C-alpha cells in the first residue's frame, strides 16, 4: 500500500497570500475505514490483468477518452474470443458514458454475440451484458425494451448470486429507473428501496454507489412532489460524493443538478440557478461537447430563465440544448420533443 494521509485542518496563511496550510495525519495499517475501502477496490478489480484494471480505473474517474484509447489498443492485441468479448463490453461502457448510445449498443451486442456461443443461457456474464443493453435502451427512451433486458438480467442474477450481492442491487436499481421514467413512481420506489437495503449491508458508508442510491430515491420523491424528502436524499448523496470523488467528476455534476431541480420546483430560482451552473461547469470540463448531459444542463438553466421572465437568455440555452440532442438522440425521442415545445413556448411569450 502507498502512503495515505487523512486531511485534518485547512488554514489560509494570511489574507494576502494564496497559500494554505494543510494538516495531514498518517494513516495506520489497522485503520478500519481505509481497510474497508482498499478491500472493496480489490474486489472490484480482481480477476483482471494490470491493463484491464487501469481501464476500469480510468472509467471510474471519468477519463473516458483515455479509457477508449487503452481498450482499442487492447482489442488489437486480443488473442481469443473471450478477451474480445470483454473488451467490446468495456468499449460499450466507454461509449455509454460518452452519451453515444448507438455505438454503445453496437459494442454490447458484439460482446453478447460472442458470449452466447460459449456460455449457458443463465450464465452471470450474460446478465451483465443484458443489463448494459437495457441501459442503452433506457437512455434512448425505449422503456419497454429496457425493461425486457433488465428483467432478463434480474432473472439470471437472482439465481446466480446471494440475496445481498451488490450486483443484485444494481438490477433492482435499473428496473426502478425504468419505472421512474415511465411515471410509475410507487413501483420505482419499491425497486430503489430494495437496491438501497442491499447496498447498505454490502458497501462501506462512504461508497459512491450509496450516493447513487440516495439520488435515485430523491428523484422519485421529487417526481411525487415531496420536495423536502427529495432534498433530504439529494443532500445525503452530495455529502458522500464530495468526499469520495474528484471535484470535476460527472457524478458530482448530477448531484448539483438534482439539488437545483428541487429548488427550481420550490420556486427558489436564484438557488436553482446557482446549483445548475455548478453542474454545468463540471460537465463542460469533464464531458464531450455533444454529450446529452450537457444538453440537460442547458435545458434546465433555460427553464429557470424562462420562469424568471428573461426570455432571450432562456431561448439561448434551450437552443444549445436542442442542438446537442439532435446530434445524440433519435429524432422522435421524448426529450427532443419536450425541448422543441419549450422553445416554441418561449418564442410565443416573446
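Backbone N, Cα and C atoms are what each Cβ position is placed from, and that goes for glycine too.
Remember, TrEMBL labels are computer predictions, not curated facts.
As the structure is a computational prediction, the values presented were derived from the model and not from experiment.
Under the heading repeat 'TPR', TrEMBL lists 48-81 (among others). Long-range Cβ contacts of the repeat 'TPR' (48-81) within its own chain (Cβ-Cβ under 8 Å, at least 6 residues beyond either end) map to 87-88, 90-91, 93-95, 97-98, 114, 117-118, 246, 248-250, 286, 288.
Here TrEMBL flags 85-118 (among others) as repeat 'TPR'. Same-chain neighbours of the repeat 'TPR' (85-118): 52, 55-56, 59, 62, 64, 67-68, 71-72, 74-75, 78, 125-126, 128-130, 132-133, 135-137, 139-140, 250, 287-288, 290-293, 328-329, counting only residues six or more beyond its ends whose CB sits under 8 Å from a CB of the stretch.
What TrEMBL records for 127-160 (among others) is repeat 'TPR'. Looking just at the repeat 'TPR' (127-160), the mean pLDDT is 92.
Residues annotated as repeat 'TPR' in TrEMBL: 169-202 (among others). Across the repeat 'TPR' (169-202), DSSP classifies residues as 31 helix, 0 strand, 3 coil.
Annotation comment: TrEMBL describes 211-244 (among others) as repeat 'TPR'. Shown for the repeat 'TPR' (211-244): DSSP residue counts in helix, strand and coil, namely 31 helix, 0 strand, 3 coil.
Taken from TrEMBL, the feature repeat 'TPR' applies to 253-286 (among others).
The repeat 'TPR' feature in TrEMBL is assigned to 295-328 (among others).
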Three-state composition of the repeat 'TPR' (295-328), taking helix and strand from DSSP: 32 helix, 0 strand, 2 coil
Sequence-remote partners of the repeat 'TPR' (169-202) [C-beta within less than 8 Å, at least six residues beyond its ends]: 127, 131, 134-135, 138, 141, 143, 146-147, 150-151, 153-154, 157-158, 163, 209-210, 212-214, 216-217, 219-220, 223-224
